[in-house]
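Notes for the one structure printed next.
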C-alpha cells in the first residue's frame, strides 16, 4: 500500500461518484427488491391473503406449478444452449485457428449476429420457427424443409407439446452467441506458442492427440469463462423469448418471462420480486465463486 | 488477463505439415467445405430479411417464402421507415449519450483501479464486477418505482432521459473493467511515478499523462456501450412507452401485430440493426476487444 492518506484519498474521491451510484442502483435496489419480496398482500376485493409474507412467499412460488414449469424450461434451454454454443464456437475456432484464406471474412460472418439485438434476431427467428406445417401453410424452416424434400423434419419447434420444446428456443441463442465463443477460443489458440505443437509432432503425436493433450487443456480457463458468461446470459434471457413467443406465453415460460407476467398480467408485484430475487441467487451462485477465483489468481499473478 | 486492445492475433506460421501432400489437401478441402456451410447457415436469417423486405406485401404465398421476389418493391422499407424513424432518432440520442458518459466515468474509475489504488479498492472493484453480472430483473421493480417517482418531480425525466441515466449507471462496471485492464498494461507505472516525483497531483497525472494515451480504450468502451444501449430491450420495456421508447421497443410493436406484414417487419429489423451492424463492420476489431473484456479474464 502506498504511503499516506494524502496519496490515495484523491483516487477514492475520483471513484466515489461511481461507488455511490453502483451502491444505490445495484445494491440498494437489490435490497429494496428483497424487502418487497417479503411483503404480505391481500386481494383488494376479497381481502383474502395472496402473499403470506416472509419466507412463505418463497416457498409459495417455488412450489407453484407455473414456476416449476418455468424452471424446467430454463434447464432445457440452458443445457441445449450451452452445449450447442460451446460446440459450435470450439468447432469454428478449430477450423480457423491454423489460419485459412479468407479467415477475416469467416470470422466476421460468424460473429455478426452478436452485433444484432436479441429483439431483431428474435423477430426473424419467430418467422423461421413458425409452427405451421404442410404446403400452403408452412413458413420459415418448415417451408424450407418442404422445398428440400425433407418434409419429415417439419415440426412445431418451441410450441410443440414435447416437454423439451424449449430446446428449439436455444437455436436462435446459439446463432447469436457461437461467434463470440469462437472469438474467445481463437484468441486462446493463438496464445499458445507453436513450439509446443512442434515438440508434440516430433514426438510422433497425431493431430488429434495434439489437440486432445496439448491444446485443449490450455483452453480450459477460457472454456470456464465462456461457460460462466453463457450460463448467466441464459438464466436472465428475456428479450429473445419475449420476442419469439410473445408476452405471457406459457409454453415458452422461463423465470425471467414469468416475472413479466406476474408484474403486468397478474399485477402481483410481490411474487415478481420473489421471482427476481431467486433469479439473482441462482446467478450469484454461479458468478460469485468465479469472481473470487479470478480475483485470487490475479492477486497471485501480480 | 485480456486487455482492451487485445484482438485475435494472427497465426504465426504458415500452415502445418507438408503443404502439397494429398492428405493435407483433402483436409483443407473438408475444412473449407465446413467453413462455407457454416457461413451459409449463419447468413440464412440475413437472406430471409433482405429477400422478404423487398417483396410487395401482396406477395403472401407461403410456398414462395424462400424464393427471390418476383418484383422488387420498396413498400416494406417505406412503411417500416415511417414507423421507425422517430424511435430510431431517439435511439441515436440514447446510444451516443450513453457511450460518451460511460467512457468518461470508465476512464476515471479504470485509472484509479489500475494505477491509483486506495485501501480496499480491490473489494470495491469486485463489488463493481458483480454489478455487471446481475440479472437486471433483480432491480427492475424498485427501479421502475424510483424512476416514476423522479418523473413526478421532474416532468422532463421521461423515456430516453431515463434510459440514458440507467444505461450509464449499469454500464459503470464493464467500463471500469475495460479501462482498468487497458491502463494496467498500456501505461507503465514508472511514468506515473516519475510524474509524481516531479510534484504532479493525481488529476494532473490523469489529465496529462494517462488520458492522452487512452484513445483505444475509449473506442472500445464507446462501441460497447453504444451497442448495448442500442440493443437493449428489457429496460426500454419497463421504463419507456410506445411514444417515447427506443427503436427496439418500436420494432417489437411493429412485429407483434395480429396480421403480420412481413416485408415491412423484415425491413424494420434491418433498419433497426443497421447502425450497430455498420459499427461492427467499420470498427470490428474494437468490437471484438470489448467482447473479450466482457470475459473478465
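Backbone N, Cα and C atoms are what each Cβ position is placed from, and that goes for glycine too.
All annotation found in TrEMBL is predicted automatically rather than curated by experts.
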May I ask you to indicate which of B:9-30, B:163-184 is given in TrEMBL as transmembrane segment?
B:163-184
Transmembrane segment per TrEMBL: which of the ranges B:88-111, B:232-255 is that?
B:88-111
Taking the transmembrane segment (B:88-111) as reference, which of B:123-143, B:163-184, B:205-226 has the most Cβ pairs under 8 angstroms?
B:163-184
Against the transmembrane segment (B:32-54), which of these stretches has the most C-beta pairs under 8 Å: B:123-143, B:163-184, B:205-226, B:265-288?
B:265-288
Beyond the flanks of the transmembrane segment (B:205-226) by 6 or more, those residues with Cβ under 8 Å of it:
4-5, 95-96, 98-100, 102-103, 106-108, 110-111, 115-116, 167, 171, 174-175, 178-179, 182-183, 186-187, 191-192, 195-196, 276, 279, 283, 286-287, 289-290, 293-294
